[in-house]
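What follows is one structure encoded as structure tokens, with my remarks underneath.
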């Protein structure tokens, strides 16, 4: 019981000393003026930024929203005291509005309200050093280059400086060569590679005096896994369906429908990407991939229509030219492994020459009818070989395009 009484008495004494110190320090103090003994003196402000969290990166509006801890340290010439006169009282904590504060702002602020900072206390030390720790949610403008989306890296600049005091009145110094990232909360979309700091002295057109500022450059790298599994892989799988339209039998009537369906599916993915990207001249890498794939599918659909016309050549069509027979039925057929029914897979047996039916074999079909039927069959063989050739050709093109986009990811 006696110990508790002594402790309470000490606390009461400390409270009275702090109240007396407050009364002595601020009896003739003004927070509106720079706290220097001589107007020619320069106040040195030390700035330290701690990046706590990346809240949002709005690529379309090019705005970075981040949660920062801003520490400012300076010496106030009018806020020092002798510790012996106040029973060894070393520091006091008071509302920041009581003291003069540097008007340091974020130059590239993109917030409508321009300030999302909390009014926190300052810590005043007996030698006049004032430490002001202030948490702040900032919205800063950031030039976003989406040329290599979703495998892109971004650099966002946060420039801090005094709004009214030039370098002859207030100077800025950074505590560290970079922002403090020890308490950073990992972001699901962006990986922070670093946040170096650089001090500059800028001459503006309005004024002849230099203005110091400190620029923190936030290096970000996008985590592409989400986009790979939700945009790229579905697109690749859909793209490999397009060449299969050449494999469909012409009698199915679905060859052109498959190509058009694949084209519409890719258009939906293209719109999803376009909605999240800023309307700039730089086309994202994934957008280029979609356009190239859609172009190939359009070409394959056009070629399918051309081959179907060949397939449906009627009896009135002219005979297959000799060079087409040699190029398509002889060479391309072997390259694409297209064989007649009953042929061995390892080699092509010589075709038996078909002879027109004689009167003994029925006498119903004349030589003219037999020639027209053979002509139709040859054109269908040509269409079958061309289908196989273009199927392999477009398969290779889609495969190479997919390898190209994967190579960019690596």
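Note: Cβ is positioned from N, Cα and C throughout, glycine not excepted.
Note that the structure is predicted; figures quoted are calculated from it, not measured.
Here TrEMBL gives transmembrane segment for one range in the set 256-277, 322-343, 344-365, 366-387: that range is 256-277.
Residues of the same chain lying 6 or more positions beyond the ends of the transmembrane segment (289-310) and with a Cβ under 8 Å from any Cβ of it are 232, 235, 239, 242-243, 245-246, 250, 255-256, 259-260, 262-263, 266-267, 269-270, 273, 283, 379, 382-383, 386-387, 390, 394, 397-398, 401, 404-405. When Cβ-Cβ distances below 8 Å are used as the criterion, the transmembrane segment (256-277) is approached by residues 59-60, 146, 149, 231, 234-235, 238-239, 241-242, 244-245, 248, 284, 286-287, 290-291, 293-294, 297-298, 300-301, 304-305, 308 of the same chain, each at least six residues removed from its ends.
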